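As recorded in Swiss-Prot:
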COMPBIAS  53-64  compositional bias 'Basic and acidic residues'
COMPBIAS  95-113  compositional bias 'Basic and acidic residues'
COMPBIAS  215-225  compositional bias 'Basic and acidic residues'
COMPBIAS  268-278  compositional bias 'Basic and acidic residues'
COMPBIAS  358-374  compositional bias 'Basic and acidic residues'
DOMAIN    486-653  domain 'tr-type G'
BINDING   495-502, 541-545, 595-598  GTP binding site
REGION    495-502  region 'G1'
REGION    520-524  region 'G2'
REGION    595-598  region 'G4'
Amino acid sequence: MSKTRVYELAQQMGIDNKELMARLADAGVSVKNHMAVLEDSDIKALSAPAQTPHKEVSQEEVRVKPTLIRRRAKAVEPEAASAEAASAPAAQEEAPQKAEPEKVEAEKAEAPKPRQAAEPVRARIIEAAPVPKPAAAPAEAAKPEKAKPAEPAPVAAAPKAAEAPAAPAAEAAPAAPAPAEAPVAKPAAKLEASAPAAPAAPAAAAPVEAQAPAKAEEQEPEKATPTRARILGRVEIPIPAQRPAERREYQRTAPGERPAPRPGMPRGVERPGTERPAPRPGGPRPAGAPGRPGERPTTGRPGGPTGGRPDRPAPLAPIDAPPLLGDDRRKGRKPAPAGGTDYAKNGKKGAPAAAGKGKKDSFKDILDKRERVFEPGPRSKGRKGKYEKVQIGKKTEITVPKAIKRIIKISESITVGELAKRMGIKATDLIRALMKLGVMATINHPLDFDTATLLATDFGYEIENVALDVDEILEAEPDTPESLLKRPPVVTIMGHVDHGKTSLLDAIREANVIAGEAGGITQHIGAYDVELNGKKITFLDTPGHEAFTAMRARGAKVTDIVILVVAADDGVMPQTREAVNHSKAAGVPIIVAINKIDKPDASPGKVKQELMEFGLVSEEWGGETIFVEVSAKKRINLESLLEMVLLQADVLELRANPDKPARGTIVEAKLDKGRGPVATVLVQEGTLKSGDYFVAGVHYGRVRAMQNDRGEKVLAAGPAMPVEVIGFNGVPDAGDIFVAMGDEKQAKEIANHRQMKLRESELAKHSKLSLEQLYEKIQKGEVKDLNAIVKGDVQGSVEAVAESLRKLSTDAIRLNVLHASVGAITETDVNLASASNAIILGFNVRPEVKAAALAEKEGVDVRLYNIIYDAVDDIKKAMEGLLEPTFKEKYLGRAEIREVFSVPKAGMVAGSYVTDGKIVRNAQVRLLRDNMVVYEGKLGSLRRFKDDVKEVATGYECGMSLENYNDLKIGDIFECFEMEKVAGKL
C-alpha cells in the first residue's frame, strides 16, 4: 500500500496545502496538517467523480506504479461527444440554481474581458483543444453543479470520456448565463485559429486536442519534453495584463465557493501545456480533460466566475498527466514547481518564460510554497480558522518533544554538558541558568539530582533517578523460624594495653601468639576458633592501644559477647573505659575477666569498685555482670571463664540460617606477596563455599580458597566461623560487609558503583580555596604541610597509623596522608613521595630493593617502624621541625651611668657601674630614663681601663657606648639582654 503525504499530493496537483486540506475535509477525509499520510482509499474518496456511471462506461484503470494509476478511455471521440451531450441536459436543469450566487463572479470577470490582451491565457488552454463552440455553450450551462462536487478532490482524474467534457462546462457555467459566455468563446476561437501559425503549435495542439483517449495515450510520453515548455513560452506578452485580473478574481471568490489559491499558484492554469505533473491519477478532473469537443473555449480562465474556483481543477488533470506524474516521481517532483514558477514569472514580469528558465526558478517556487505551508500569510485570511490553527499548532509539535522524550534518566549525578545534550539545548543556556541560581559551573561540572531536576524543570523536562539501589539489592532476606539453627557465640576480648588480653587468649588456645607481636602488644585483630566440650567458641582479639579505636569498635559490632580484661594490679584505664562504651553502644553483654590475680599487689575488689562507675555491678554485689578472676600466666580459672561464656550464649539463644548465601564482616585484610589480597572474614549467616562470587566494600571477587586460623584448608564456612579468604581483586577495608552474590556481573556492578561514590566524595572534600579563605590564609601566614605515605602489613594497622597521624594536625601545621595501603614499599610509592615532598612510613613492612635504591637517589625519607608509639613520636618531631622557632628574651644585667665623656671619633661614652648580673659585649641593650625606654639597640663597645673586654660582672665599673646613639645622661640605666631561639612545639 502506497502512502502519500498531503504536501506531496498538493505539489503534484500544483495547489496550496490549505486548499488541498479543505478539499479533503469536504470529501470527508480528516487530516491534521500537511504532513499527514493519505492512504489510497483517502485519495480515491477525494477523487470520486461526480458522474460515476460515465466513469464505469468510459474508462479502464491500469496501475503503472504503486503510486500511479493510469485511467484510459475506451470510447473514441464520437462517444465522448455523445456522452458530453447526454450529460449537458442534466446539468442545465441544475445550472439555474447555482447561477445566481455566481453572477457576482461573472460581473467581476466581465470587466477584464474586453481587454483582449488577457485572453491569450485562455487561448493557451484552448489552443491545445480547438473545439466547436456550439458544443461548449450547452456544456457550460449544464455543468456548474455537477462539477462542484468534484471540486474538493485535489487529485484530477485521468481522461474520462463522459466526465471530462462536463468539467470544462462546469467552469464556464457558474461564470454567468450564456450571453456572458459567447464573447469569451469568440476571442478564444480567434486565438485558436492563429495558434496553428506557430511552428510548434500543431505539435502541442495535437496531443492536447485528444478527441479520442487513444491520442491522449500517445501524447503522454511527450509531456515531459521541452516542447511543452516552448508552447507555454509561445504565449505572447498579453499574459501579464490578464494575470493581475485573474489574481484579483481568485481572491474575490463567491461566498459559496472555496477560496482560490494565492496568485503565486498559476500552475493549475498552465498545466495543460506544460511539464506540470498532474495530480494523483485517481482524482476527478472537475474542469474536464483538455481536448474534449466543444469544451476548451469555456475553460474558465478568462471568465471571472469561472476563473475563480472551477478554473483551477481543469488544468489539474490534462489527459497526458499520468506520464508526467511518472516523470515527476523520477525527477523528484521538480517539473511541477518549474512549470508553475514559469507561469508566475510570466504573470509578474510580462515576458514569456523559456523552458530553461522555468526549471531555474523552480527552487524559488519551492521556497514560496514552504512559506505558505509554515507561515500563514495575508492570503490565508479568507480560509477557515481551523486550518490556521493546525498550522500554528504544527510548529509546537515539531519543536516540543513528546512527553516520554522529556524524561531524562540520570544516575545520581550528571555533567552540565551531558544534561544539555540530552535536553537538546546549548550548554551555555544551562550554564547561564546555573549562574542565575548562584552556581558558577563549567560544561564538565557535575550536577546532583536536585540541581539537575531544578534546571530541567525550567526547560520543560523531568529528571528520573535510575541510580543503582545497592541497599535494596544487598538487603538480607528474612529467615523463617524453622530455618534457624543454633550457632557458636562470637566473643571479643577487649581491654587496656598490656592488661593481658592476648596472653589470656593464648592460654585458652594453648598457643603463643603474643610472641609474634612486635613489642609484645597486639596491633592486629585476630580471629580464632576454640572448642570446649564439643562446643565451639569464636574469639576475636582486639588491640588495646589508643590508636586502634576503630578496630575495637568493629570488634564490638560483630560480636555476641565481650570479655573485658582488666589487670588486677592496674585497675580501670582509658582504653578500659572506651571498651565499656563500645560494648554498651553495640548492646553486647559484658563478662569481666580480672587478670593477673597471681601478682602480689593484685586488688580485684578495687577493680570491681571502679567498674561500678560504668554500671558494671558484680553478681556477688547484687548486680547482673559476671566477674571471673583469672590468671593467664598461671592458667587459673580459664575453664570457669569459658563455661560462663557458653552459659551467656545459651541465654542469648544465638541462631542463624546456614542454608542461604553467606553474609559476614571483614575482620582484617592484608596483601600477601604470594597469595595476593587476603581477608579474614567472619561469616555471620549463611554458608560461604569455594567458588562463590562476593562483594565487600569497593572490591569484589571469587572465593579461590579458604583456610581457618590454624592454616587448614576449608571448603565451606558456616555461621560464626572465621576464615581467611583468597580471591579479592583488591585489599578491602576492615569492617566492610561481605556478601556472597549470585554472579560476577552483579558483584562487579555494585563494587564499581561504590567506587564511583567514594571517588566523588573524595573530590568533594578537596574543595578549592575561596577568596575569603585565601585572604585569611595570607593574613595568618601560610599553613605548613607535612605529607606522608603510610604502608603497612594489614589494613587495620594502616588505618590506625593514618588516623593517629591525622590527629597530630594543628592550626600551624597540617599532616596530609596522601596514600595509605597494604603491602611493601614500592617504586610507585617512592615516586609519589618524591613528587609531593612526602615522607614514607612503613609499618611492619620493608621497601623493595629497587624502591630503596630509588628513595636514596631521590632523597626520599623512608622510615620503618614496628611499634606504633615510635611512629607517632617521630612524626611529631618531624612536624615540630617544620614550625618556625620562637624567640625568648634572656635578661643579662644592669648598669648605671655615673659619668658621661665625649671621646673624639667615638662619640659619647658612659662611665657605668654594673649593679646587677653582667654586661656582655655585642648584646642587646635598652636605655632606660625614669624607667621609660628611651632607646633599644646594640651595645657598641665595652671597655675596662682602656681594654676591650667580653663581659663585666656585678660590682665593676666599665665604659660603654651605644651604636648610633649619643644622648646619654647621668642616672640613666643600661639593661642588657639577649634573644634566644626556642624550637616550636605542637
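Glycine is no exception: its Cβ is also placed from the backbone N, Cα and C atoms.
Note that this is a predicted model, so its numbers are computed, not measured.
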- Item | CB contacts for Gly495 (GTP binding site) [other CB atoms within 10 A, all chains] | 29
- Message: Can you give me the same-chain residues 6 or more apart in sequence from Ile597 (GTP binding site) with a CB-CB distance under 8 Å?
- Response: Ala568, Pro604, Glu629, Val630, Ser631, Ile636
- Message: Neighbour count first, Cβ atoms within 10 Å, every protein chain included; then name which of Asp498, Lys501 tops the list of binding-site residues.
- Response: Lys501
- Task: Report the DSSP secondary-structure composition of the region 'G1' (495-502) as helix, strand and coil residue counts.
- Result: 2 helix, 1 strand, 5 coil
